[in-house]
Amino acid sequence: MACEGQSADGEYVEMDTILSGTKVSPQGTRTRSNTDESGGQSASSHTINREATMDDDDGKSSMDEDMSEQHVKIEYSEGRFSLKKLWQFIGPGLLVSQALLDPGNIESDISQADVSGYRLLWLLLVAHIICIFVQCLAARLGVITGRHLAQHIRAQYPLPFAIVFWLLSELAIIGADIQEVIGTATALHILTGLPIWAGVVITAVDSFFFLYIQRFGVRITEMVFGLLITTLAVCFWIEMFLIKPDAREVIKGMVIPRIPQGSVVQAVGIIGCVLMPHNLFLHSALVGSRKLDRRQETREGAIREAMRYFRIETSISLIYAYLINMAVVIVFCKAFEVLRASNTPYVASLAEGAAVLSNVLGAGSKYVYAVGLLAIGQSTTMSGTLSGQYVTEGFWNMPIRPWQRVLVTRAISLVPALIVAVTASAHMDLLSEIINVIQAVVLSFTIIPLLKLQAHGEIVGPEFAFGRIARAAVAVLTLAIVTLNAYMVVSVIPLVSPAMYVALVAVLLVYVVVLSYTAAFPLRCVWNSRTLVDRAPAFVRWLFGRASLGVSTSAI
């Protein structure tokens, strides 16, 4: 089963989703020998240019070259659930869960605690459940096809669209990176007294240390990230135990759906902070670190087994993230209650979180807060770098080494982070709003291709393509997420004049048109299979990267 795509030089080539008997060179070319009826190899062979998939032995990316033992080999075995085998799959979900715990999310938790108290804990839980479903779909795409989301978008959408999509994705990653750098610098300021700008510089440089850890292999890297997440968990669970929250209010907040008056922005922000676009790129790529047995006789069983274990692993990791976020909300809910009862003034922000806890739990609590913030800030900074690398390599088929990626992203994010640290550190709330809007816009454009790709048997295979019920479910989910994100975009536009109303209508119109194009325009393999490109006007053929269709589509 194959689907046509486009090589780096613009030539349309075959892109097999199953690569049995295929040999891939480091340059991305493969040679496959034809087999005659007697089972021997014929003298003729052909070479086809394509991007290497994540399960190829020789088609390794730059990340593979910089890591030893990058892949974890998984032997397929029919049978019951095995904890030993689950352990082999644990790792990608942990890296993905970090984005739900970054400094931006912690600041959102603090704002939620101040405005709505415990009453939005149920929505936080719902957001994590939706996130589990969406992230499982991202992992599913990578497991089935051996390619991650950025590679598929580049192969299946026109070049101008892919360029715009890449720019938006990079902008969202850089925005998240700014939040992570500022959050880590804030933690360093609390612990050492360093000014924020100095902490920003240190944070930008010490990311190279984490690149060194990658050289010890994928399992060690995943364990380090897991340790950093656990550090944050322990810090806030200790403070939650010490602050003694009202258990009845906590349970009511988790099980009774309600949105307090004046908390709509916080409610929408919860969804926006949990569903992150770069996480979809990252998860669809990270599952490639598990090397499956894709021989013809075991392929389908191995893929289904991997999807099963990745669903369990993702669910465990994101529930773990929910328990940490819940602890942050509970700690600050109780702290704000105590301060309001004593008429003590406070500021509900990430930077002032240490002062709030010090007033309630004593001076030592601010160091516990800072240690947790430092651990997750460093961890999410590195995972954001990995996301950016996969996005760049996927859209441009341009392998770059991790240290090069860190150098570029740090150079891009360091300047705005320094400007914020020096001139606008008191306005981080406004910056976070702007970043969240960017994330919301990019998420809408990201989730549609993620779901659309898996509805086509030409891409994932007829045995894995969505059925009618699944298509209806993902359509409803997509509509809900897009609507919430559109509301988030609209909510930050100040309607203080007729011109602002005109701007709002214009923004919504562009938003709807681009989303409609993303959802309705046929993927490249569908156009090929229906020979629609031949009948299309010249400018449409140009959008697809060629002047005419010169390749037979009988293999599709």
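Cβ coordinates come from backbone N, Cα and C, glycine included.
Nobody curates TrEMBL annotations by hand; they come from automatic prediction.
According to TrEMBL, the compositional bias 'Polar residues' annotation covers 19-47. The annotation compositional bias 'Basic and acidic residues' is assigned in TrEMBL to 48-68. Positions annotated as region 'Disordered' by TrEMBL: 1-68. Annotation comment: TrEMBL describes 120-143, 155-176, 188-212, 224-243, 263-288, 309-332, 407-428, 434-451, 472-493, 499-520 as transmembrane segment.
The stretch with the most CB contacts under 8 Å to the transmembrane segment (263-288), chosen from 155-176, 188-212, 499-520, is 155-176. When Cβ-Cβ distances under 8 Å to the transmembrane segment (155-176) are tallied for each of 188-212, 309-332, 434-451, 472-493, 499-520, the top count falls to 434-451. Sequence-distant residue pairs (6 or more apart) of the transmembrane segment (434-451) and the transmembrane segment (309-332) include fewer than 3 whose Cβ atoms are under 8 Å, leaving the two stretches without contact.
Of the recorded ranges 120-143, 188-212, 224-243, 472-493, 499-520, the transmembrane segment (309-332) has the largest number of C-beta contacts under 8 angstroms with 120-143. Same-chain residues lying 6+ beyond the ends of the transmembrane segment (120-143) with a Cβ under 8 Å from its Cβ atoms: 54, 92-93, 96, 100, 112, 149, 152, 250, 253-260, 263, 266-267, 270-271, 273-275, 279-281, 283-288, 292, 303, 306-307, 310-311, 314-315, 318-319, 321-322, 325-326, 329, 447, 450-451, 453-454, 460, 464, 474, 477, 481.
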